[in-house]
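Data first, discussion second: the structure below is written as structure tokens.
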Amino acid sequence: MAWQGLIEQYKEFLPVTDKTPKLSLLEGNTPLIKLENLSEELGIELFVKVEGANPTGSFKDRGMVFAVAKAKEEGSKAVICASTGNTSAAAAAYAARAGMKAIIVIPEGKVAAGKLAQAYMYGAEVIQIEGNFDNALEMVRSISETSPVTLVNSVNPYRIEGQKTASFEICDVLGEAPDILAIPVGNAGNITAYWKGFKEYNDKKQTGLPQIFGFEAEGAAAIVQGKPIDNPETIATAIRIGNPASWDSAVAARDESNGVIEAVSDDEMIHTYQLIARKEGIFAEPASCASIAGVIRSVKEGKIKSGSKVVAVLTGNGLKDPQTAMDVKVVPPHNIESNASALNAFIEEVLA
Ligand code: F0G
């Protein structure tokens with residue numbers, strides 16, 4: 001049967017009722033692609049879960065479709081969230097689809113252009129603050145306690161429920177859980193969701209459990225440092241978060257799975273960002289690349305053994321952040337005269 005979206009597909013694993021609206025933009029069912037070149041180089045079997053293939057271009061659609069559907073089911077007319085950009089794009093899209101209002105609070109100047117464009121296009125009310133994501137989250141958490149709006153950040157348990165479905169898809173394609181699941185960590189909702197998903201699927205279908213390898217950005221590595229970071233900074237604006245809301249459950253995922261949570265530098269993320277685009281034809285946003293940057297390092301350090309089956313989550317589409325791509329591009333454009341012989345001379349030079 002044709003794919004019908006997450007809620008319909010996984011209703012036996014989700015708290016769906018007769019009254020849950022049939023909301024969907026056909027999210028989920030994203031590609032699991034083997035990175036042939038990098039696998040060979042690293043001596044492992046490396047797959048990527050391409051979450052940028054979701055309707056709004058990030059994994060947030062999995063959680064948001066369910067959080068918005070449940071908000072609608074409960075009679076809410078508006079959703080609110082803090083965001084570094086992807087959550088707000090997904091909230092805005094699913095609210096539009098559900099006929100609800102979306103109010104989003106974002107750190108001014110720190111949201112990638114594509115994400116901001118989405119929020120505007122989907123018709124969200126965009127509120128910019130001078131503070132960072134952590135400040136924005138604090139604001140919306142307190143407001144949602146008194147105001148008739150539903151909070152759809154990942155502290156909303158329905159977000160985690162929706163997002164856990166990515167683990168199901170991985171197990172279905174591979175036939176079992178991988179040895180290692182590598183994932184970027186920001187507010188720590190997604191690492192929480194994947195671990196929950198792997199455990200539930202294993203309980204039902206004996207698919208086994210992976211070790212969870214989470215990677216924060218070095219300038220925003222609160223869990224790694226064991227303390228909140230007041231002024232988190234990283235080129236990967238999606239994970240520029242200094243006080244992750246799901247800190248404890250991220251640590252539980254790490255410890256229960258015998259995994260690690262480590263930091264990767266901006267340089268490592270940008271190197272990986274360029275590498276997978278140029279060597280594998282996959283364009284993922286910088287924060288996404290924390291997962292593979294972490295895998296590359298872990299292989300070098302012997303924490304990932306040769307022959308391991310590894311799935312790295314690529315959380316968002318590279319098109320979300322065109323500016324970073326333009327800033328770090330490896331091959332500059334060539335200006336030539338507008339005639340065929342100039343082009344011919346260029347081709348001869350390139351192929352020489
Ligand atoms: N990768 C991308 C592309 C993200 O947008 C985020 C989070 C993460 C990774 C980290 O996921 O927070 O569950 O640990 N973005 C949020 C947002 C914070 O507002 O879009 P997490």
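Any Cβ shown, glycine's included, is placed from N, Cα and C.
What you are looking at is a predicted structure, and each value in this text was computed from that prediction instead of being measured.
Among the features that TrEMBL reports, domain 'Tryptophan synthase beta chain-like PALP' is placed at 24-316.
Proximity of Lys60 (N6-(pyridoxal phosphate)lysine) to non-local residues of its own chain (separation of 6 or more, Cβ distance below 8 Å) is seen for Asn54, Asn86, Thr87, Ala89, Ala90, Ala91, given in sequence order. In the three-state DSSP assignment, the secondary structure recorded for Lys60 (N6-(pyridoxal phosphate)lysine) is helix. Summarising the annotation, TrEMBL assigns N6-(pyridoxal phosphate)lysine to Lys60.
DSSP classifies Gly186 (pyridoxal 5'-phosphate binding site) as coil under the three-state reduction. Here TrEMBL flags Asn86, Gly186, Asn187, Ala188, Gly189, Asn190, Thr315 as pyridoxal 5'-phosphate binding site.
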Neighbours of Asn86, Gly186, Asn187, Ala188, Gly189, Asn190, Thr315 excl. site residues, C-beta within 8 Å of centre, pyridoxal 5'-phosphate:
Phe59, Ser154, Pro184, Val185, Ile191, Ala238, Ile239
In three-state DSSP terms, Asn86 (pyridoxal 5'-phosphate binding site) is classed as helix
What is the total of other Cβ atoms whose distance to the Cβ of Thr315 (pyridoxal 5'-phosphate binding site) is within 10 Å?
30
Given the binding-site residues Gly186, Gly189, which one's Cβ is surrounded by the fewest other Cβ atoms within 10 Å?
Gly189
